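Participant: Sending over a structure as structure tokens; questions will come in a sec.
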Number of protein chains: 2
Amino acid sequence: MAVTKRVILGRALRSDALRETLLRKRIALPVFASDPLSSVAYAPGEVLLILSIAGLSWYHSSIWITIGIIVLMVTVVASYRQTVHAYPNGGGAYSVVSRNFGRRAGLTVGSALLVDYVLTVAVSVAAGIDNLGSAVDFVKQHDVSCALIVIALLMVMNLRGVWESGTIFAIPTYAFVAGVLGTVAWGAFRGLALQDDMRAPTADFDIVPEQTNLSALAMLFLLLRAFSSGCAALTGVEAISNGVPAFREPKERNAATTLTVMGVLACTMFLGVMTLALTTDVRLAEDPAHDLLIDGRPAGSGYHQEPVIAQVGAAVFGGHSVFFYFLAGATALVLFLAANTAYNGFPVLGSLLAQDRFLPRQLHTRGDRLAFSNGIVFLTILAGGLVAAFDANVNQLIQLYIVGVFVSFTFSQSGMVKHYNRLLGEEQDAAARRRIYRSRALSGFGAGLCALVLFIVLITKFTQGAWVSLVGMALFYGLMTVIRRHYDAVAEELAVNEPPEHLGMRPSQVHAVVLVSKIHKPTLRALSYARLLRADSLVAVTIAVDPDEARELKAEWRRRHLDVPLKVIDAPYREISHPFVKYVKELRHTHPNDVVSVIIPEYVVGHWWEAVLHNQSALRLKGRLLLTPGVTVTSVPWQLHSAEAARERAKRGSRRQAPGAIRRGSGGHRVRP
Amino acid sequence: MAVTKRVILGRALRSDALRETLLRKRIALPVFASDPLSSVAYAPGEVLLILSIAGLSWYHSSIWITIGIIVLMVTVVASYRQTVHAYPNGGGAYSVVSRNFGRRAGLTVGSALLVDYVLTVAVSVAAGIDNLGSAVDFVKQHDVSCALIVIALLMVMNLRGVWESGTIFAIPTYAFVAGVLGTVAWGAFRGLALQDDMRAPTADFDIVPEQTNLSALAMLFLLLRAFSSGCAALTGVEAISNGVPAFREPKERNAATTLTVMGVLACTMFLGVMTLALTTDVRLAEDPAHDLLIDGRPAGSGYHQEPVIAQVGAAVFGGHSVFFYFLAGATALVLFLAANTAYNGFPVLGSLLAQDRFLPRQLHTRGDRLAFSNGIVFLTILAGGLVAAFDANVNQLIQLYIVGVFVSFTFSQSGMVKHYNRLLGEEQDAAARRRIYRSRALSGFGAGLCALVLFIVLITKFTQGAWVSLVGMALFYGLMTVIRRHYDAVAEELAVNEPPEHLGMRPSQVHAVVLVSKIHKPTLRALSYARLLRADSLVAVTIAVDPDEARELKAEWRRRHLDVPLKVIDAPYREISHPFVKYVKELRHTHPNDVVSVIIPEYVVGHWWEAVLHNQSALRLKGRLLLTPGVTVTSVPWQLHSAEAARERAKRGSRRQAPGAIRRGSGGHRVRP
């Protein structure tokens, strides 16, 4: 089996043999861009949804909002291209901000990113289910359950460690891009060349404005809300800047080019979908049950609003054509893939945060699957909770999403401004300085724009759910501060300030105590090890849980002429740890300057259920002994035949890798070109 | 807090100071008899239910069935009185059968008892909810949920370790006995002295016989079914014979007397309730929705059949009187208490089974709360599952219950016959032999009667659910056989057959390796301990996860003039266990006759969440090292300030006791007389 696995997965690679695992651009694009590109599936709808509040007549202004979003997108992409060049080792927002603004700002961004990961999962899965539901009725009717099942599947896949490879990302992402661009192209052809009148399924519906006679200020506010909702299109743009090390040489150039391609694709698709939505008269309402009129009557609570992509697809291809199903399927798939990127991104961020001791240390070192497993389960529970709490409603979840995204954008761009300021302080060459000035201007413009969007998001969406994100960020911030403080306190406590003589660390003698329950091979091995120690005193101790057994043990001890004295201690409560710890403490008490070395024979088994049957008392006892000052605990293992199984497992385990490895460009299975 | 606790709970007592914790008869009765006495709450109804199949005209035969059950009860009680005298150290069915018929029979009874514990919980809680529902409408409407909540509460109470005391048992049990006897007495007074015509709420209903024109054989079969259902009254009778050690001296006499009192009470209550049910014309049908006619029409699926006790109470006192509510409340409470006895009985049986290595060893030694916790959760899941699967339907659950009960009765009585046979072989005195003959006759009669009932139960109830119990028993039997086989195999593997020289257990040298991550107090302590060992070689090893850190460590090592050589090992995968284990293996390889002693500095923390933040890699590494032959692992602990908390907890923990202690008469909190 191990051989089959190696054939399929490829051998785990050493750091210096990693070149082959690095990503070509055409694979890197889908690996990193499934998240930002998939935003096209929900962002256009969000704009129309908000505009519907003022009524159909305001739909036309969506084109201006689209232009605004595209300007923002171009700025952000251009700015992140600079980040790629400035921080080729992975210029994630957390690193950039920590380096330029210090720990607190970094931690703020870290918290925002953690919230983002949770919401990437929640929003993407909910949107994916929405799109799948447009093709499959069953999914539509059980959307919350289906979304929870998808999240659970993602968890299981990531816990098991799926066959992580660029190709898996490539197929759905390219299918989605092809589907959307194909729809736009065919739609343009039909509309312009054939002069067909394409009508969305909702084209004949009417919308009751929720608010009429809006003041100019209120209307501006509404337009800003629509704009900020549309900014959901930008989510995930920063991914490439985190993943520069995963690109092939020349890394920076390749990453920057990929970023540009991604930006161009995202803008084209967004613009295309938006234009088609307007020409095919897609009708979306924020509260379709009341505000959407079908033949003059409210749609009612049974009405299920189809996502924009599905409506556009139905208008261009017809609602039962193969192309429609292809588009719906590809959209759903790329959205689930986008959700998966959160599971891949978390270990990367977790590792950085752990390096700075904001998260448990074991998240830092690679390959500790157990640690990441906890993170994966944690992410799943939070995302699943949000999906359940918000009934898998994309519109509501998006309100939470954008906050975190723009917090990190703003901080990250500002960090770049500071970065260029520092460079200016060092650079003398006039031409170079001019380039830096230009770059700084771009980052500054990006930072300002993002800050403006963040401000708009906060004021327009605070009551709609943005506060939930802020609370979440505050909780993460608090948790990480507490963890850091704990590590600092421990480091302080353990630091060596005095010379070792003053630490009472020069014990003069060792008293060895071998714990014996019966005479078998592990006991004999422990005894011979103990003799070898040449301790200053050596005694075997047994706890008499059952007086008869103890008597028998004593007799056998004599019969076998074992040359270590055996001491029998009564266990009035039929429990071994208490009397044994008491004995050890008394021994320490009579020799306060010495060390008591407790030697425990243990047998090692191969399966967890065997572990349940053995060593439990020894484990408890070890825990108690480690709490006792001046005591060391030595396990002398005896491997049972079945331990072979565990050894095999350990070997296999060391060959597996942690999730997210492919995005870190460091390890992982070969990606065949 | 610890002081308050000690004041409330009393100090944990040593074995030799346990006299005070032993039970007086008047406390022992409720402790052991809540289960058998509470059967009166459901057994009479079961008889009527089955008879209803043949129609109302057959209700009168219930009085003969009652007499049959009372004869059986008297026999079983008398026989168990003998068991008490014969096995004063606790003559549970498992011990008696194991000693007299060997391992397989004992295991069969053990499996039956385990099934019994599950069903005691399920049946008692379902019946309790039924009775509570007769007084509280909400409970009636949500019976399954309420039953599951009660089971969950029982679990939590037993996991936390409630204030286990005789008094808690005493109040509801005596209230129930008083309530039932009071009802019977008042009913008799009203009926006989006042000539009142008491009518049950269902007295005017009619019953459609499910089967008419039954053949004599079929009718006999039905009567036998009714009889075997009524035998549910006997469940729990054996409890006192398990608990003799918990009684005060003279233990046997006191236990036997308590058993007699319990038997008399149970018979009186059963007879009284049955008589009242017949005189007040209680109507119960097996399928009330179809077979119970209200004003000539079927009751329909919305109809909820009230238990007999509630109907009798309503007839005697009126359905809205205080007495009625008191009776319903006391009945529900004593039934929940009966369910709790399963949680208390399980550890006792588990301990015996573990002693014979049929269950994990740690269940044997007292005070290991963790082990018992698993048992408690296990019991809860199974009982909850049954309640959910059978919709908390007492009638259906009872079919499963009686099998296990009578398997253990039959085996246990037969075991007593064998016991007396052995005594006869040893005894010469004629008078004593006569007494033994008499005892043997009684046990033999009991065994025969119980076997007959078991046979009846199996043929009449097999398809009604008895098969579920048999499958359950088979599963437990299989599981325990596997566990025993595993322990035997391990014992075989570990047994010392060769002289130790031939075991390769005489290593000639020790090579000590200290694992170092950075230089702090725990490391220095581990180093000074390692020096003290006077091993044949000593080296400190660090795994270079981060090259910079490793370089720094080396420099500090030199600066501090540490006299142990430091070896730096590269970690290409940023993971420590793999390269370290490889190093240790190579060391072993070059010295195949020696032991490698790995010394790991550890810091000990006080809270679980701190443990999450520390030592995780060390823990993983230890697991891997224990799998490597010829290696011993020594933990050199450094107690952080916070470890004080864990020390306190461990002290408190050793003072707490495992559930069921009060029934074992060994330990536990003082029961004030």
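Positions of Cβ are set from backbone N, Cα and C atoms, glycine also.
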Participant: Of the ranges A:7-29, A:398-420, A:605-627, which one does TrEMBL flag as transmembrane segment?
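Facilitator: Checking TrEMBL against the ranges A:7-29, A:398-420, A:605-627, the transmembrane segment one is A:398-420.
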Participant: Which one, A:141-159, A:171-194, A:258-278, A:322-349, A:398-420, has the most C-beta pairs under 8 Å toward the transmembrane segment (A:58-80)?
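Facilitator: Comparing A:141-159, A:171-194, A:258-278, A:322-349, A:398-420 against the transmembrane segment (A:58-80), the winner is A:258-278.
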Participant: Can at least 3 Cβ pairs under 8 A be found between the transmembrane segment (A:370-392) and the transmembrane segment (A:441-459), with each pair 6 or more apart in sequence?
Facilitator: no
Participant: So, does the transmembrane segment (A:171-194) come close enough to the transmembrane segment (A:258-278) to give 3+ Cβ pairs below 8 Å, pairs being at least 6 apart in sequence?
Facilitator: yes
Participant: Are there 3 or more C-beta pairs under 8 Å linking the transmembrane segment (A:214-237) with the transmembrane segment (A:398-420), counting only pairs at least 6 apart in sequence?
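Facilitator: Between the transmembrane segment (A:398-420) and the transmembrane segment (A:214-237), contact is present.
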Participant: Is the transmembrane segment (A:171-194) in contact with the transmembrane segment (A:441-459), using three or more Cβ pairs under 8 angstroms as the rule and ignoring pairs under 6 apart in sequence?
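Facilitator: Checked: the transmembrane segment (A:441-459) vs the transmembrane segment (A:171-194), no contact.
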Participant: Check the transmembrane segment (A:171-194) against each of A:141-159, A:214-237, A:322-349 and return whichever range has the most CB pairs under 8 Å.
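Facilitator: Comparing A:141-159, A:214-237, A:322-349 against the transmembrane segment (A:171-194), the winner is A:322-349.
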